[in-house]
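Student: Provided herewith is a single structure, encoded as structure tokens, for subsequent inquiry.
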Amino acid sequence: MTRDLDTATTAAPETPAPARRTGWRRITMIAAIAGPGLVAANAGNDAAGIATYASAGSQFTYGTLFFMVLVTVALVMVQEMAVRLGAHTGKGLGALIREQFSLRLTALAVFCLLLANTGLVVSEFAGIGAAFELVGVPKWAVIPPAAILLWALVLFGSYHWAERIFLIMSLAFFAYPVAMILGHPDWGAVGHHLVVPHIEPSKSFILLAVALIGTTVSPYMQFYAAAGVVDRGAKPDDYPLIRADAILGAVFACVISLTIIIATASAIGGSGPLDSAAQAAEALKPVAGQNAELLFALGLIGASALAGAVVPLSASYAVGEAAGVERSVSRSFRDAPLFLGLFTAQIVLGATVAMTPVDVIQLLIGTQVLQGLISPVVLVYLLVLTNRRSVLGEAANSPRYRLAATAVVIGVAAMSTILLVQTILSWFGLA
Amino acid sequence: MSTSARFRDRRVHLERRATASKAVRTSLVSLAGLIGGPVTNQSGEEVGRVVDVVARLYGVDSYPPVTGLILRIGRRRTFLPADALGKVNAGHVRLRTARVDLRDFARRPGEVLLAKDVLDHQLVDVDGVQVTRAADLYLAPLVDQVVLVGVDVSLPTLLRRLGPRRWQTRPTPERVLDWQAVAPFAEQATEGPPEVRLRASRAALHRLRPADLADILEDLGRTERQQLLGWLEPEQAADALEEMEPAELENLLREAQPEHAARLIDEMEPDEATDALRDLTREEREALLARMPKGGAAELRRLLAHREDTAGGAMTTLLITTRRDETVAEVRGRLAEQAEHRTEIDAVAVVDGEDRLLCDIALFDLAVAEDTTPIADLVAWRAQFGPPDTVQADTSLAEAADQLVAARASSLLVVDDTDRPIGRILADDLLDAMLPERGRMHFRRFLQ
């Protein structure tokens, strides 16, 4: 599918070279295939995302569906604000935060992003390990070579081919919508839970709710979406198209997440939290039968490898942007020490932690909780930036939008705070 | 020299260097350290705190003089003119007089707030040819005034600013760019009078190569980019635009004022301008063409009529033609007049009285010929190699490339049905059009 993006003119002279493509055709083509919105949202359905959604289905069956609808609304608004900033200023989020806030606040944001992303990298490598364990290969034999391979591919090799292979592999997760239908869920209950709010006052429910926010509205996605828009050279005139891409991408990703929850709910709903990747694969049985684990493993490897490269890179880009230093994978370590150093460090750290004998699924969900805690910080910056007329001029948030966006940020922050308080109380044995 | 002597020399050298760098360090005042620092009167009582430093950035001075401070006194913000400043130390300002004249601040032409407008914002490092961010600005207190001397862009300085206040006041000149080698942007600043607009750094911008300038334009934010374009002469800007990535160029043309964009398009080489116009929508294209001089617009329209993947779509219409009766010296003279288009001229077409093509003479052949040789002689000599290699406007680029290779030439003439030359297709344009974008691994891959 992405093959068309780079037309090898030497082989097929009648196709125009990328450089000479007309603007409209190029924009529609990219928007249709891989607009920043779609890519960013799709990246949410990586190893960690799948684990969280599957866990939601297995633990609370359809109970989290209404919450996911709320999360969808939040994601749409947040992604929209991020691409609006990128399109109207031509600068990424990291750069804008540094220009508009103090350096210390920038450092805070960037530190949060790095922390959350390193957690994500851990989970991506854990995902690769888990996928290979499904087919009987121990993770200690897989993770180190996978880390070295990814690192080398990005820095020296042709990541762009690998990227496509990973993308195609991660398409395996598109089996979930089919599995959902074949799994004959209780459609009445699904409909009910999609519309009627449902909250369980248990710690595990809130923990999972925060994890759902964390995996769906992850901070790196906003940095990525804004940077993507800037890098694609979009401008205010393109904004309607970009907004459509961001909204469609967000909605699409959330629909896939919903189908994963429903499919898992109807397959293994009520069996408590997931404790292995094999259980998450269970939901694919209606589609792949005995090969469900293989299909799941394939998808997990693809998604994890893709995100395992994109996530640390996007964090390095954000840091480089904020610090104003050289940032490009085509530079040498001497020219771009911070950028390449951070990228390397994240991969090394991620792979090392993933090697330790941790409970993979719990780790994946834990990462999402971390993301959920950090999201409010990034969202507040995003909100303040989009409110400022000195930054966006006419495109700044209208009073009504400002109200809605503030509500979203407060909602996300409230969820995180509840979790934080509960966690701290539990340390003292009070909860 | 004995080993101990070498060691001694080395120690002396290191000591000298340490002393020198210490001297530099103590004489500089870090702007980041000054912000938030106390302002005291002669008797040492605190009057207020520094909020920002005002400097005249766009003026005649080579180093911008500080024209005043913005102070916070209680909950009020006021302006303190520079003549009240006594001594500016690291992190602390002492006033000259006990009585200070406080006013409300209003920007005067060319003035900027250094902390708000320059610190942490994008700027162009003209010597290093890159877009960077100001991590700190260094002020140098001279006898009668304080001037801004340099910009620190190093990472340790950024880290220092994250630390406690004690660290912040201490300058860490690691990688300091001389103010003269920097082109700062300050959106808010009102420009000074037009005759002094070209500060040294802007003059330095004019020395940049077009490709470097293109890289810089691509890295800048939207407003900064338009500001930089405004500083450049249209010819220089056009040269840079020709080197830009098509997508970036497309944006830049859309963002610019239509008049300015039309001016830039007009200055670009016709083939590059055509490429740029192709990327725009029909309305945008018409809007720009309508604002261009008639002749140029008509030529571009003619070029736009060709399909982009044919020889006609990639050719340049800049042709140097000659007749048989001219001499080599005359042709060379004509070439000299066209020196600014040197990259577009590869050979000279010889035509007959009805403008039909007779021969295509490469520049090398002209260079080695005698001044007095008539062109007719060269035509006769070239005839032994057969008729000139030409392509039609609708020839595909792949075919044109094959033909170019077969002819062992670096350009081919494009002729119409009646064998009259209408343009020339250059090897580099062919390469541009035919090479797939070679993937040095860029993040772009993920994003596009």
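Any Cβ shown, glycine's included, is placed from N, Cα and C.
From TrEMBL, for reference:
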TRANSMEM  A:30-54  transmembrane segment
TRANSMEM  A:60-78  transmembrane segment
TRANSMEM  A:105-128  transmembrane segment
TRANSMEM  A:140-158  transmembrane segment
TRANSMEM  A:165-184  transmembrane segment
TRANSMEM  A:204-225  transmembrane segment
TRANSMEM  A:246-268  transmembrane segment
TRANSMEM  A:294-315  transmembrane segment
TRANSMEM  A:336-355  transmembrane segment
TRANSMEM  A:361-384  transmembrane segment
TRANSMEM  A:405-428  transmembrane segment
Student: Taking the transmembrane segment (A:294-315) as the reference, which of A:60-78, A:140-158, A:165-184, A:246-268, A:336-355 gives the largest number of Cβ pairs under 8 angstroms?
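Tutor: Answer, by Cβ pair count: A:165-184.
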Student: Under 8 angstroms for C-beta pairs, at least 3 of them, ignoring pairs fewer than 6 apart in sequence. Is the transmembrane segment (A:361-384) in contact with the transmembrane segment (A:204-225) by that rule?
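Tutor: Yes, these stretches are in contact.
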Student: For the transmembrane segment (A:246-268), what are the same-chain contacts with Cβ under 8 Å, counting residues 6+ beyond its ends?
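Tutor: Counting only partners 6 or more residues beyond its ends, the transmembrane segment (A:246-268) has Cβ contacts under 8 Å with 35-42, 44-45, 49-50, 53-58, 60-62, 64-65, 68, 71-72, 75-76, 79-80, 82-83, 173-174, 176-177, 179-180, 183-186, 190, 216, 225, 279-280, 282-286.
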Student: Hey, which of A:60-78, A:105-128, A:204-225 has the most Cβ-Cβ pairs under 8 Å against the transmembrane segment (A:336-355)?
Tutor: A:105-128
Student: For the transmembrane segment (A:60-78), name the stretch out of A:105-128, A:140-158, A:165-184, A:204-225 with the most CB-CB pairs under 8 Å.
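Tutor: Comparing A:105-128, A:140-158, A:165-184, A:204-225: A:204-225 has the most Cβ pairs near the transmembrane segment (A:60-78).
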Student: Are there residues at least six beyond either end of the transmembrane segment (A:204-225) with Cβ under 8 Å to its Cβ atoms? List them, or say none.
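Tutor: Distant Cβ neighbours of the transmembrane segment (A:204-225) are 36-37, 39-41, 43-44, 48-49, 52-53, 55-56, 59-60, 63-64, 67-68, 71-72, 74-75, 78-79, 81-83, 86, 92-94, 112-113, 116-117, 120, 246, 253-254, 257, 273, 310-311, 314-315, 317-318, 365, 367-375, 377-379, 382, 412, 415-416, 418-419, 422.
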